Amino acid sequence: MASVLEKVLRVGEGRTLRKLQNYAKAVNQLEEDFTHLTDEELKNETVELRERHANGESLDDLLPEAFAAVREASRRTLGLRHFDVQIMGGAALHLGNIAEMKTGEGKTLVATLPAYLNAIASRGVHVITVNDYLASYQSELMGRVFRALGMTTGVILAGQTPQQRREQYAADITYGTNNEFGFDYLRDNMAWQASDMVQRGHFFAVVDEVDSILIDEARTPLIISGPSAGDANRWFTEFANVAKRLVPEVDYEVDEKKRTVGVLETGIEKVEDHLGIDNLYESANTPLISFLNNSIKAKALFKKDKDYVVMNGEVLIVDEHTGRILMGRRYNEGIHQAIEAKEGVAVKAENQTLATVTLQNYFRLYKKLSGMTGTAETEAAEFMSTYKLGVVPIPTNRPMQRKDQSDLIYKNEKAKFEQVVEDIAERHAAGQPVLVGTTSVEKSEYLSKLLAKKGVRHEVLNAKNHAREAAIVAQAGHLGSVTVATNMAGRGTDIMLGGNAEFLAVAAMNARGLSPVETPEQYETEWDDVFAQVKAEVDEEAAKVIEAGGLYVLGTERHESRRIDNQLRGRSGRQGDPGESRFYLSLTDDLMRLFNNGAAASLMGRDSVPDDVAIESKVVSRAIRSAQGQVEARNAEIRKNVLKYDDVLNRQREAIYGDRRHILEGDDLQERSQRFLEAVIDDVLDSHIGEGNGDDWDFDALWTELKTLYPISITIDEVITEAGSKGRVNRDFVRREILSDAKLAYSKREEQLGEAAMRELERRVVLSVIDRRWREHLYEMDYLKDGIGLRAMAQRDPLVEYQREGFALFQQMMGAIREETVGFLFNLEVEVQAPADAESVGPRIQAKGLAANQATADKLRYTAPTDDGGVEVRNQRGQIEKAATAKAQKDQQAEDAVLVGEDEPETPQGPPARGAFGQPTGASSAPQNREERRKADRRK
């Protein structure tokens, strides 16, 4: 199906390119006019364009003039003029497409075109990059273009305070990473004051390296979490010791391809003997099964120095695609704790999910979305089906001259690396720069030792020295340089022959203590001279590099994804430069070993083929392409499945977040509370009386429950007397009497506290209850999804079952929210205090057991996806924000809060009575909790 869709998508490419070429022609016709404008006149173009847009002209109509203005501003500030193909790429982005542009075609510069045009609407434009460094670098460099046009730029970085973030989002164009934008969206929907929210909507986004962000990282959601009750850490340590004693193929079996393990009967017996239990699979022991499976996975599937490294007593994940250490990232589902126990380091506690969204659903919030990458063609069908984004291949500015050599395959890894070293040494001696791509930290260090032994000077870029990453990449095009890198996906820094002049110039300016933000005038004054000097030196060296053959890219192993291989190759041959690429493979490489059908091994097994002799075979090439296709199809199916299930939760999230936003924006909480009161009384009546009359009802039980809900003032006898007799009391009559009494009690409560204090109490209670119940609902939905796959064994569609039961859980949650809200509003002990000062808005109230504001910031954890199945976890302080800063932020929140709360747990503690607010309020007592549903599942 995908192949048919891809063919259909390609049919309209010619028509689209002609449309883009017409835009480029229109911009070219205006170029001369704009060159004659003064700097002030150029800046005033923005004012004029905004006025025209406000008067009804569409952004499409303004495109030629806006693009011409950006081209001229870039020429004046950066000395870079947009090529026609870059104009075409910018137009493709503005029209809501993915522009497929080869490496080195200037994607960063292209993004300025649609960013400026859409910023004319004054609704904010987001430019999404792959890391904080690039966000800061691009906002600094491209900010010079936007400032020349009278527009402001911002950058969102980890560690910024809410006030700093709000200021950055207020800019016309804001740069940042997908994780930061996504977390701000979640935090905004956890805010307790409208003034605490930082984003101002989702109008238009340009996503750089769009395939990496929207495809590779789409499987795992963004999660904000906080500490959870209980401590299971001792079990991780216990089972790590158990796993050490289990023997592969005797006690358990492993499927490396599917990344699964299975415990055999002998293994189960050993575990039961070790723990002193009779049956591991008894209901009381079922929680232990996940500890066992995770411990075996940690032992068998996760390898030290390949999948992770241990540094300073911590287990740090290594990104399989980029080779970077993913600081703070953690595998989910208990895998990371199992690895920590395996390595004998401190096991960190698990957290409870407070808010979550997948990147797929976050980016679908934008009114218009676009993206750039050099390798989107292989995923065109998925981009269209998931994001409604077309892929438009943009022609290169100059013809590609890179020579892509055929793969060389060796019998074993030792022979392969020996030939790799020989090839590198020869090219290094000739002055040709070499970029070597490896698939793991272990392989890069192994190759580094071989090169050192050979006497070849080189730089190593991997997870253990990523702090120098950008500087190393920028120098990788120098004469005779050799750079060993653990995969090059998402590096984001151009490798230019002779060196990256822009990067080197910015570094030189920073060395002088100059910043475009802090010293803008001096920065602009000195930039031209510094850049000209650096550019001259780079150009002179580039000529020598071209003579030596350009950049040579050498891959030491094929990756599971063709896109990653293409990204590595694409580092060479930018902008028509000469270059060359080749992959060296062996039959023991992971991809060949896991997916090889045996044809290659049969071919290489002949005695006539020595170890140090390579073969070039179409059979092997086909086997590799087939293996990569299998992996890509499997990953695409996983992403598709994740989206289907998350769409269920997404609709619920939109309802809850919409409710919260209305509350923060001044929704009539008195009217909402009255609706809640009516609904709760209806629920109580439904549970105690039927359709008959008073002769059949248990009035005592009904009144007992009503007393726990609100201070009921009417008696049973009064209701019966009013009706005339017990038999004449029907449901409508008793409902009317009770509701009238409840509303009277509510009015008395408001009179007692005062109108302003009552409104504030309503806001506090509703937000607190919604947030807590939503957290518990996320917990329940997560558990439901974990086991829903088993329904297939009963010939039921797991997705349909998940939708049905998820809706039922949502309805239960909404009922619990109404019930708890009413109970708290009537029963909380509230002390009303006078305003702190003349500037305070309304009275201050103190409600015992009710949170003063949202979850304590310094206890939150931020979890982000990685394309290898791991997750990134940062605390509020992180590596960038210091503890003092986090404390200052927390103090500021407490100071700014309208309410003052006691230093108690944020979970509201309700009156000791009935229902959701009277019983223990943890997940263990929530309707359809885990243990109850386990029993229900076993019955099914």
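Heads up, the Cβ atoms here are built off N, Cα and C, so glycines get one too.
Per Swiss-Prot, the feature ATP binding site maps to GLN86, GLY104, GLU105, GLY106, LYS107, THR108, ASP494. Under the three-state DSSP scheme, THR108 (ATP binding site) falls in the helix class.
As annotated by Swiss-Prot, region 'Disordered' applies to 884-940.
The annotation compositional bias 'Basic and acidic residues' is assigned in Swiss-Prot to 929-940.
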For THR108 (ATP binding site), nearby residues of its own chain (Cβ under 8 Å, 6 or more apart in sequence): GLN138, LEU141, MET142, ASP208
Cβ-Cβ neighbours of GLY106 (ATP binding site) (radius 10 Å): 19
Env. residues of ATP site, Cβ within 8 Å of mean position of GLN86, GLY104, GLU105, GLY106, LYS107, THR108, ASP494 Cβ: MET101, THR103, LEU109, VAL110
ATP site span - longest C-alpha distance across GLN86, GLY104, GLU105, GLY106, LYS107, THR108, ASP494, in Å: 16
Local Cβ density at GLY104 (ATP binding site) - other Cβ atoms counted within 10 Å: 22
Neighbourhood of GLU105 (ATP binding site), C-beta criterion under 8 angstroms, separation at least six: VAL85, GLN86, GLY89, GLY374, ILE394, THR396, ASN397, ARG574, GLN575
Distant-in-sequence Cβ neighbours of LYS107 (ATP binding site), under 8 Å, six or more positions away: GLY89, ALA99, MET101, ASP208, MET372, GLY374
